[in-house]
Structures are given as C-alpha cells and as structure tokens.
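Working notes, structure below.
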Amino acid sequence: MKNQSVSSSIDWITILLYIILVIFGWMTIYSVTVPADQEYTFDFSQNYGRQLMFMIITIPIIFTILFVDSKIFERFSLVFYIVGILLLLGLFAFGVTKKGQTNWYQFGGFGFQPSEFVKTAVALLMAKYLSDAQVNLAKRNFQYIAFAIIGLPVLLILMQPDAGSAMIFLSLIFVLYREGLPGWYLWTGAISIATFLLALIVKPVFLISFVAVFMVIHYILNTKISRNPLVYLIIFISISSFAFSVSYVYDKVLEPHQKDRINVLLGDDVDMKKEGYNLNQSMIAIGSGGLLGKGYLEGTQTKGGFVPEQHTDYIFTTVGEEWGFVGNLLVMSLFVCLFIRILYLAERQKTRFSRVYGYCVATYLFTHFFVNIAMLIRLFPTIGVPLPFFSYGGSSLWAFTIMLFIFIKLDANKVNEW
Amino acid sequence: MRKTLLPTIIIVSSIILLVRLFYLQIIDDTLKIKSENNAIKIKYDFPERGYIYDRNGKLLVANQPSYDIMVVPSEVKNIDTLEFCRILQITKDEFLKKIEKAKVYSPRLPSLFLAQLNKEEFAAFQEKIRKYNGFYIQKRSLREYQTKHGANVFGFITQVNDAIIAKNPYYKSGDLIGRQGVEEAYEEILRGVKGVKYILKDKHNREIGSYKEGKFDTIAQQGSDVTLSIDGDLQKYGEELMVNKRGGIVAIEPSTGEILALVTAPSYDPALLVGRQRSKNYTRLYNDSIAKPLFDRGLLGEFPPGSPFKILTGLVGLQEGVIDTETSFICRHGFSYGRGSFMKCHCPGGVIKLHFGIYESCNSYFANTYKRTIEKYKKPKDGVNAWANHLKSFGLGNFMGYDLPPGRKGHIPTSKFYEHFYPNGGWRSTTIISNSIGQGEVSMTPIQLANMMAIIANKGYYYTPHIIKKIKGRKIDSKYTTKHVTTIERRHFEPVINGLFDVYNMGTAAGLRVEGLEICGKTGTAENFAKINGKRVKLQDHSEFVAFAPRKNPKIAIAVIVENGYWGNRWAGPIATLMIEKYLNKKITRKDLEKRMLEGNLNFEYRKLYTSKDSLHKPKLTKEDSIRMKIKSKKEIEEDKKKAKLAKDSLKKKAA
C-alpha cells in the first residue's frame, strides 16, 4: 500500500523532466566519447559506457530515497553536514590532485567528489535551521549562523582551490532572501559585481564620475526614502574605493591565469591558441551548429575533439553543434521548466523545511546551468562547473539525483506532514 | 517580491543566454567558417589525362606518374629544415621563400611546395614524410611524349597561375592546365574532372573518416582520349625538313578540313617541358626572342602572301566578270600605274592570258585584273569592299575558328582602312595596286594560305580547318563538319587549277616535278622589311609555296613558308613537294633534293638580323653554311632552269 501512496503522490512532471534530461545527456556523452570509427557499437570501458553504468546505479539510489522515511533527512541533517565537512577536510590528507585542484577521492577506478554531495548537506542543514520558527533572518545573529552554515564548506572548497564549486554555494543567498534576508545584501552583491566588471572595462575615474552623476540625480528625484546626504556619501565612497581596489587587485594580486580568464571574457587581446583556446573552440562548436545543427553524431568539432573537456564541463557545446539553436532552445526550456516546477512545488510545501530545501535545489541547479552555459558563450569567466544531468561523471550525476529526489520525496510526503 | 525574484532571474537570464546563442548560431557566420577550417580537409583525386593519338591511331602522347609535395603552412612545425632541404636538394632560402608564398595564398589550405618529383626523388622523400608535419604528397600524372615532334601542336602542361585561379573556380593552387595547342584547346576533355573528398580531421590533424559519409564527395572522371587529324609521320618529316630554317608548314585535307601537319620551325622536343626542369626550359625557350621557338608560325606568322595571292585576284576578277579566260593584257616586263610608278614583272612578257599569267606569275596581268575589278564600281570604296567580301568568304582577314589557340587574323583592307589612311580621299585602284600581287596591305597566315589551296582544290568550299579527328565517347564540334561556300562560282576554278598545274608542270616550279604526281601549286616570294638601328631595311625575301595534290580528287593542300629563303622554289617549293610526295606515296624518289633540304641551313641569314649593320650586305658565312650555299646556288638552279625551258618548249610544240 505504501508503494502506491508513493507512486501516486510523487510529482511525475519533475521525474519526467529529470529522465528526459538524463537520457538526452547520455546521448550527448555518447556522441562526444564514441570514437568516430566505432559508431553504433557499444563498449563499457568507454566513457559513454561508464556513464550508462552510473545511470543504472542511480536507480537503487532513487528507490532508497523514495522508500526511506522522509523524517530522516530533517533529523540527520546535521550529521550529513558534519560528514560532508569531514570529507572535505579529509581531502587535504587523502585527496587526489587534478589540474591543481585537490577535490577528488579515488577508489579504484571510481572518482568521488565530496563537494557535490556537500551541496545537499548544506541545503538540508539550512532548511533544518530555517525551519525553526524562532529563526528570523532579519536579525543579525540568525544571519551570522546562516552565513556560517554556507561559509564553512565554501572556505574549505576555496582551499582546494575550486572557485567554481564555492561560487555555487554563494548562490544560496537567493534562498536566504526568500526567507527574509534584507534586500540590501543582494543589492550590495549585485552592485559589487557590476562595479567589478565595469572597473575592469572602463577606467575607474570614468566609472566614479558616472556613479556621482547618477547619485546626484537620484538624490534630487528621490522623495520616498529619507534624503540623508551622509548615506549617499558613504555609498559613493565605498563604490569608489571598491572600483579602485579592483584595478589594483587586478594588476597586483591576481595570478596570470586568473587574469587570462577575465581577459578572455572581456575579449582583450587574447591568443586564441593559448589561453583563449578553450573558449574559442567552444564558441566555434556552438556557433557552427546554426539553426538546426549538423545532426546527431555528425558534429565535426565534436568528432575532431577540438573542444577540450567536451564530455564534462563543455558538454553543452555538442548540443549546440549537433542540434543547433533549436536543440539549445529545447534543452534550455526543459531545464527552465524543471527549475520553475521545483520552485512552484517548493512554494506549495506545508513545512518551511521542505520549502527551503526545494528552493536550495532549484537555486543550485539553476546556478550550475547558468554558469556552465554562460561560460561557453563568453558571458561569464571560465569556471569549471558541470551541467546537471548532462556532464559526464558519477559523483555529479548521483549528487544531483540525490539532491532532486530528496525533494521529490519531501514533496510526496507533504500530505503526511500534518 | 521575495517569491518572484528567483523565477524572474531564471527566466530573464535564460533569455539572455538564448539571445546570445541566437547571435552565435544564426547571425554570426564567422564561426561556421572557422569550424570548417578546423575540421574539414579537402582532398583531390586527379584523374589521368586523356591520351593523344594521330590520325592513323599511333600513340603520340601518354602519361607518366609524378609526385608533388604540398604544404599546409599553419601545420608546419618542428621539422628538421636542414635535412628536408638536403633530401629535396633545395636551399634554405628557397625553402623559406616557398613557405612564405604558400602562407600568402592561405595558411590553412594546401599549396604546392615542390612540383613534379620523379620516382627516385619521391622515394627518398617518402621515407621521411612522417617527420614533416604539414607536408604531404599529391600524386599526379605527367605527360610522356612518344615522339620528339609536334610540340607546337600539343602545347604543354603547366601549373595554373593566379589569374586562372581567380577566373575559374575549378582550378586550385598547384593544379595543372594545358597551355597552347591541343592541350589548351581540348583541356576540359583531356583533363577529365577531378574527384573531391571531404575528410574529417581531429585536433591533431589526423584523418578520422569521411565527412557526412561522403555525401558531398565526387568521383574523379577520367579524361577522354583524343585522336588528332595530324599524320605523325608527315609532321615528323615536316619538322625534319625545316631544321635550321625558320618558317611554317600547314597541310590540310581539303575534303574534310583536317589539319595533316602543322609545322613551325624552329621547334623543340616536347619532353623539355615536362618535369622539374620544365620551368627552366620554358624560360629559356620563352626568352629566345630571336628564334621564337614558342611562336607557332603556322598560326601566328602574318606574312605578305606574295604571288599565291594572284590566284585570288584572278578568281575575283572572273567572278566579277571583268576578265574571262580569253582576256589578255600586254606585259612589258612590268606594269605602269602612274607617273614614275612601275611594277616590275619577271615573266617572259608579251600578250598574256589568265593561264599563262598564273603559271608565269605575271605581275602585269593581275595588276590589270585588280585595277579592272576595283574600277568596275564607280567609287573605289565600293570596289575595294566588293573585292574584300570575296576574300572574306575564303576566311581571310579574320580568325578562322579552328580548334587551336586563335592565332592571327591576317589582314584584308576594306574601304574603311583606306579612308582612315587617306582621310582626305584621293586613293584609287592604282594607289592600292600592290594588293593585286599579295603585297601592300594584305597579309595572311600560313594556315590561311593552306586553306586557300584547300578551297581551290574543292572548287569553292571549305571546312573550317581543325586538328581534332575523334574524341572518345563524343562527337566533335559540328562547326568542323559544316561546309563554308565561297562567293566564287565553281566554274571559275577550273581554269585557275589548270594554270596552277602548269606552274608545276612548266612554270616557276617546273624543277620540282615528281614522277606520277599531278601537283597544282604556286610559288611565292614575299618582300619583307625590318627595322635595324632605326632604319627600315629590306631583308632577304621569304620563300613561299602553296599547292594541292593530286590534281584530281585532291588529298592534301599545303602551304610552306621559309623565312628569308630567297625565292619560292628555292626552299619552300622543294619542301612542299617533298611533303606531298611523302604523304601520297609514302616514299621519296628525289633523294638528292631531300638530302639538300634536310641539311639546308639558313642560319647565316637569320644572323643578319642581329649582327652589325655592315654585315647585312656581306653576310659572314660559317663553314657549314658556305658549303651548302655553293651546292645550291650553282648546279641545282641551272638544272632547274633547263628543265623549265624544256617543259615550256614541249608545251609550245604541243600547242602548235
């Protein structure tokens, strides 16, 4: 009977979107990793074969999640979190270093990236913390604890160093905002990023003059908020100093490869054969797809292996090349539907725990999605984050599956919450 | 606000991504081109060029394999330049120059690096080719000539130049193309169509399979074999006869317009323009501005036709009705056409009719005929135009449309020409009287002369001369099987042919008779001038002879010009009759004459053109030249004269 209750109460739309994305993802991995002369054959030692095994392993994981008591996730959230933190700490002793990042455990043939799972743990603990009716994010003390929950793993991940994964955690600020964090945090963040980018593009002097003019006009037109000149002055000074410090940091502090990434993004004289190679090849692959693409398994750039890491972080370039703009539109629509569906379900939840967790899931997935695609088409600096359900890798697939299905389980259980 | 922020961000940022993708995938084309440069390599498969046969099915031109080294400059890296240069026997400077040139063409597309390696060079290079990134071998076929003759007929094969690449997208850098002769005229038929293969390559430039399973690939189409109307043996004989002389021979089969032989002298061995030495040899031939071995005199040489032109003057006169076979003029060893203007004549003189006029080549007779023709019309303008129209129906004064590079038009003046020349008028028949005897403003090419004889042999029509006889698998152009009829009625040809027969029988070429052959011919001696040190200097006359044979049912029409060969029957006449004898009888009975012609040498005459002014009148003879001179000048010519006299006497007796 319980079986039936689960199957009748889970959200099949989400599951359907998940299945479509995973299968389409696997087809794309197949196209990237099958050798050109072995099409239509199958070999488990190839990456597409391994990915298929990873996918098969998700089935018991999904069933386990769907059939355990949903209370476990709330009750043991702190345990999960601590385990996660320990795993991150353990990396410094037992981790494997790949491309300068110590973020893997290696068990025989299988790699395991704890930061993928820590995302879920953080989401669970955050949900658990915010589900306490006492917690009010408008107040400083609670804000500090919430920040600490995020901050601890971010710190450890930054030490690996893996800026991309760390950045994903920062996106939880949207969840905190949903749960009552004052809006000026977001504004400050947005303005900082904007200032940062603008400071690199135009000279700080021009930027500051522009800000000054803007603020004067704002002061004159502003009638609602208290017109305290001191506030304006403080804001102005902080923006100016930030803008100048960006220039300074860029010139004196950043490592050459970090500078390269920013230069590549801004299109400043970049050698397309060296630091610009990845991005250049990625754009060529996507751009050559045209409206309808070159056809499945027909991507010349994909077959030629011109795009590096094409089965992991650059997987979406194959979609762009072989399926064209129409394929991109389709895949992106599926993703957006999934995000919106999760958010819709989250808002429907009876408990704050489920709602916060659902929000976390949607935020995580969206941030991965946006950062991953934006970096392929020069809208974002090159940061290695996987595209959920598409990128090759067991850790990533399992982590996203677990993350999503815990929410599906929570959602299915909302009836029993009373 | 708090609930809607995240969904809004999701939707807005997704739209931003989509707009960017739309731009990259649909609006911006540069990425697609970059993608092709990245991943697609084009490989050509060059078909073998068609073989060339002569009219008797003898193979003249075949193929041999050759190997080109191609380079893709952007892929050249880490090569041992020193070793590379040593194997190919080039200097480092040459190496750098060639790479630079290839880069200018395109850094990513293959360019020709070194052309036409032979088998040994290829073998040495092939062993090492794996070490040389960016270089590969392209197999092609080169011409292999089975004959040492006919270079001007065949033309040659060369690499396409930039102008051709720009004009014709079929050709890519390093491709071969036929130039001059048959190779140019029948380029598309001989060449076939090259096959194209699109090959996918990976980032290491390795080939990883065909693009789209070869959907866009094409298979090479073999070039077709062609059979020429040239008679290989006759061509060879003609070239041998012309050794150490300058000039041209054109022989045509009157009944079809097929060119039997097209000789230009001096010529060269066609094999000189094959292989790696090609460009060196070509430059040497090209730069020989004195002997001009690349200048096909048969097609390009414009000469004043001289006496043979009198035949046309006669025919036009007959057609216009200003003379008939009985019309007679008195020749007083010349023709006076104005105060102090006198055209000399070498004929015996007296009362002269058409027949005698032709075989004795009487200047006065034809000057009178021409004068009457022009004066038949009230205005000289109309007269000249009527005359020119008749000549144009013989294909004169224009490109003939034969299937070889177009050659020259020659010149037949019309009233326009003279009106331009004498803007105030005042010109009349006597002003332009030189035209009557083929001097003055008329000029013709040897092939036009030969065609003229073909028309006379056919009594009034011709087929456009052509060198193609058969193309494997298709028909030859119908314009070569279309009859062109002249404006001269058939009946007028008979008396002229009789006159031409007696030229050979008892006239100016009487010394050239061949037992059992009835040849109709006409000698010619064309004045010519050159500017030396700024002065117009009269040079030694050109020797000309035109003929057809046999008299009944003619098989061959021929024109021979030997530059600076004194007079008609001294060089051109013997050569023409030898050619006819060779073609019709397959063997030569006049061995002495043949020997004299084969060994004859006019080089001392040609040297005058570029030695000092004083030596013009006293040509310095080299040892070999002087020996030949004596043999020719005394014995032979005396004998010729005797023979002619005897023949004349016998004819007079018969007539009496």
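Heads up, the Cβ atoms here are built off N, Cα and C, so glycines get one too.
Annotated transmembrane segment per TrEMBL: A:12-32 (among others), in sequence order. Nonlocal intrachain contacts for the transmembrane segment (A:12-32), taken as residues 6+ away from its ends with a CB within less than 8 angstroms of a stretch CB, comprise 47-48, 51-52, 55, 58, 296-297, 299, 302, 310-311, 315, 318-319, 322, 331, 334-335, 337-338, 341-342, 345, 387-392, 397, 401, 404, 408.
The annotation transmembrane segment is assigned in TrEMBL to A:52-69 (among others).
Under the heading transmembrane segment, TrEMBL lists A:76-96 (among others).
The annotation transmembrane segment is assigned in TrEMBL to A:142-159 (among others).
For A:166-187 (among others), the entry in TrEMBL reads transmembrane segment.
Annotated transmembrane segment per TrEMBL: A:193-217 (among others), in sequence order.
Summarising the annotation, TrEMBL assigns transmembrane segment to A:229-250 (among others). Outside the transmembrane segment (A:229-250), and at least 6 residues removed from its termini, the chain residues within Cβ reach (under 8 Å) are 191-192, 195-196, 198-200, 204, 207-208, 211-212, 215, 218-219, 259, 262.
What TrEMBL lists as transmembrane segment is A:323-344 (among others). Beyond the transmembrane segment (A:323-344), the same-chain residues lying 6 or more positions past its ends with a Cβ under 8 Å from any Cβ of the stretch are 11, 13-14, 17-18, 20-21, 24, 286, 289-294, 296, 316, 358-359, 361-362, 365-366, 369, 373, 388, 404, 407.
Taken from TrEMBL, the feature transmembrane segment covers A:356-377 (among others).
The feature transmembrane segment is assigned by TrEMBL to A:389-408 (among others). Proximity of distant same-chain residues to the transmembrane segment (A:389-408), defined by a Cβ-Cβ separation under 8 Å and at least 6 residues beyond the stretch ends, is recorded for 10-11, 14-15, 18, 21-22, 24-25, 28-29, 33, 47, 50-51, 54-55, 57-58, 61-62, 65-66, 73, 110-113, 116-117, 119-120, 123-124, 311-313, 315-316, 319, 342, 345-346, 354, 357-358, 361, 364-365, 372.
By the Cβ criterion (under 8 Å, sequence separation of 6 or more), the transmembrane segment (A:76-96) is in contact with the transmembrane segment (A:142-159), since 3+ such pairs are found. Listed by sequence, the residues of this chain that lie at least six past the ends of the transmembrane segment (A:142-159) yet keep a Cβ under 8 A from its Cβ atoms are 81, 84-85, 88-89, 92, 103, 115, 118, 122, 125-126, 129-130, 135-136, 165-166, 169-170, 172, 176, 181.
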